[in-house]
Amino acid sequence: MGKYIPNAFNLIVVIYVALGSTSCSYGLAILGSTVGQPSFYKSLGLAMQGEPGYSRTASLIGAFNGVGAAGACIGAIVNSWSADALSRKLTIQIGAVILSLGAALCAASVNVGMFIFARFFAGVGIGMLVTCIPMYQAEVSTPESRGFMVSMHGIMFAVGYGLSSWIGYGVYFISAGGSDSTFPWRFPLAFQAAPALLMLIGSPWLPYSPRWLMSKDRFEEAESVLKRLHDRKGESNHETAIKEFYQMRKQLEQDRAVKASISTFEVFRTAANRKRALIVAAMMWFNMFTGVLIIANYAVLLFTQLGLTGSTPLLLLAIWITLSFPGNVITALFVDKWGRRKFMLVGATGIEVSLILECVLQALYTDSTNTTGQKASIFPIFLFICFWSSCFDATQYLYMSEIFPTAIRGQGTAVGMANQFAAQIIILVAGPIALNNIGWKFFLVMACPTALYIPIIYFFFPETQNRSLEDINAEFGDKVAVHYYGATAEEQDEYAQAVGIEEQGGMLSAKAALTEGVHYVEKA
């Protein structure tokens, strides 16, 4: 089916599971348009911007986002256990149920306390889904197409962002027409559950991760799933899938020979694993401190400070978020060709330029009578999303899901996402207060860590392009049992023998395989 897609089934699997990603991003962004609905403030007894008591409202808006991030942090930590113990698939299903219930509670909220609890509950589901989905996508993808496939998480994330902003913009006119209905804020919050429920309905059809199946010694099932997922046109006997299965089995045997069991804190026990954990933690903290969620959640307040009124701030937010979709498509099409490091380096540089421009323009024109200057201040915000969506959004989840060994991938991605949500708590709670109190100086706060991130990416982030998940271990100093990427002549002979055995009529028993010096095969 082309360079990026081994077969239609593989593509359908990674897109369908990413419906959960759409619910996550929708839930993370929906408060950005909710704070633009007058009926929301009235229903919960909150003062609007410019009214007496708004400082309390600003603090509560930060709390609404903060508790959501706190719940997501807990969901990510739960994933470190459930993804391995229960499977990637069941973890995704549980996360979808929790998120859907949380969305219903948000929409039904009658006071601030209930809304805070509902945001926390929905956040747990978001944390489970956003941590597990890209990991699952990486494990069902081929080495050559993994960047494209995991980028579906970013693309569907962008769809969720877009839905939240355009639905929020559309229902605004109900209130603008003079209606006192609470529909303009309740319906958008409830809609968060729709993609998750759709994914949940079809989830029994999704295959288990072949690497998870192998970790549970379900080798025949793993081989069958892998052949179906990685079936390629022109191959009569699944030669490439057999090579991948051989490498996975050999790596599993080697890892078990070194260590029979995985501890709760295995991700911190070796120097290589600690390096991986530090990389994903740094990646998530620096990403949050670019200020992307400040803009996504508080752009309406930001645009209002620049003198825009009525539905215009909501419209600009909708356009801003919609631009993340083509950006993620660019990632999907080119990240396997250009590499992860180049994308992140270009993105960090572009974002830094955008933040500096925004800081300067807001310092000059916020609260001024120069409407031309205020309008010019909007441009760097749109320049920001072009760089962030095309270079950071999908790439960070792809990179995080790649660099950990299979045995601790659940722990590793949980470390990364827990750090992201911890950073979100700080950013989102402080955001509305900082914008209200220090204004444009908050962009300076975000520009400084972003500048530091550029050399950190350059010196400490290894490239993972086109390597199998097992091959990537070598980039961190771990031993690879047999290489898929850059295989030696001896390793190519091993693969040829493995494919040859398959062609002779099926897999041998494990005992016979060991006798012949082949360590992976067992009779189907």
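Keep in mind that glycine also has a Cβ here, set from the backbone N, Cα and C atoms.
What TrEMBL records for 12-37, 57-78, 90-110, 116-136, 148-169, 189-208, 278-303, 315-336, 343-365, 377-400, 412-434, 440-461 is transmembrane segment. The feature domain 'Major facilitator superfamily (MFS) profile' is assigned by TrEMBL to 13-465.
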Can you find at least 3 Cβ pairs under 8 Å between the transmembrane segment (90-110) and the transmembrane segment (189-208), where each pair is 6 or more residues apart in sequence?
yes
I'm checking region-level scores; what's the whole-number mean pLDDT for the domain 'Major facilitator superfamily (MFS) profile' (13-465)?
91
Is it the case that the transmembrane segment (116-136) and the transmembrane segment (412-434) have 3 or more CB pairs under 8 Å, with pairs at least 6 apart in sequence?
yes
Please indicate, using numbers and ranges, the residues of the same chain that are 6 or more beyond the transmembrane segment (315-336) and have a C-beta under 8 Å from a C-beta there.
4, 29, 32-33, 36, 144-148, 151-152, 154-155, 157-159, 161-162, 164-166, 168-169, 295-296, 299-300, 303, 308, 343, 378, 381-382, 385-386, 388-391, 393-395, 398, 465-466
Who are the long-range neighbours of the transmembrane segment (148-169) in its own chain, taking Cβ under 8 Å and residues 6 or more past its ends?
4-5, 10-11, 14-15, 18-19, 21-30, 32-34, 36-37, 133-134, 137-138, 140-141, 187-188, 191, 195, 296, 311, 314-315, 317-318, 320-322, 324-325, 327-329, 331-333, 335-336, 389, 393-395, 397-398, 401
